[in-house]
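A.B. asks: Could you have a look at this structure, given as structure tokens, before my questions?
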Amino acid sequence: MENRWQVMIVWQVDRMRIRTWKSLVKHHMYVSKKASRWFYRHHYDSPHPKISSEVHIPLGEARLVVKTYWGLHTGERDWHLGQGVSIEWRKRRYSTQVDPGLADQLIHMYYFDCFSEAAIRKAILGHIVSHRCEYQAGHSKVGSLQYLALTALIAPKKIKPPLPSVRKLTEDRWNKPQKTKGHKGAIQ
């Protein structure tokens, strides 16, 4: 019988970013209680030796599973050190991988209060409107001019510590393009 390979997307992440993610998740699960329905699985509870942790985030009937890995093949840079993250959406027997932006939007829809574009309509109808968004990472696009005007009137309150963003966890802060020097040291 032949070997059958299964390929999955694993985002290379440095270990300090993974530590920050884990501590933010635990803080909002146990201290602030904003993520009290989330489930954190430690490395010693996982049957796979490369999984360092799993966070199960219920989304209605489905759930989002964010797995962190260690001991993977090292990346191009020394600081990658074989750490990684995979993000999976599961519903019953079906599962698929999602990108960090979509994961943040899904988390935002289910868990955190938001002052969204629907707030304009609610305010006109005289309904009570949430005056700020607790989870800015869940917004991937620029809002309408009305939305931007209303958000300019109400300054967003900084939440300490910040809410755990999957996009921020997988962000590549090391490989930003560098400015090169051209003729006689002038930056191009």
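A Cβ is built for glycine as well, from the same backbone N, Cα and C atoms used for every other residue.
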A.B. asks: When you get a sec, could you say which of 4-13, 144-153 is annotated motif 'BC-box-like motif' by Swiss-Prot?
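C.D. replies: Per Swiss-Prot, the stretch marked motif 'BC-box-like motif' is 144-153.
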A.B. asks: Write down the single range among 32-37, 74-79 that appears in Swiss-Prot as region 'Interaction with host APOBEC3F'.
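C.D. replies: Per Swiss-Prot, the stretch marked region 'Interaction with host APOBEC3F' is 74-79.
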A.B. asks: Looking at 14-17, 26-29, 130-133, which stretch does Swiss-Prot describe as region 'Interaction with host APOBEC3F'?
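C.D. replies: That would be 14-17, the stretch labelled region 'Interaction with host APOBEC3F' in Swiss-Prot.
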A.B. asks: On the 0 to 100 scale, where does the mean pLDDT of the motif 'BC-box-like motif' (144-153) fall?
C.D. replies: 51
A.B. asks: Which number gives the other C-beta atoms within 10 angstroms of the C-beta of HIS108 (Zn(2+) binding site), all protein chains shown included?
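C.D. replies: Around HIS108 (Zn(2+) binding site), other Cβ atoms within 10 Å: 22.
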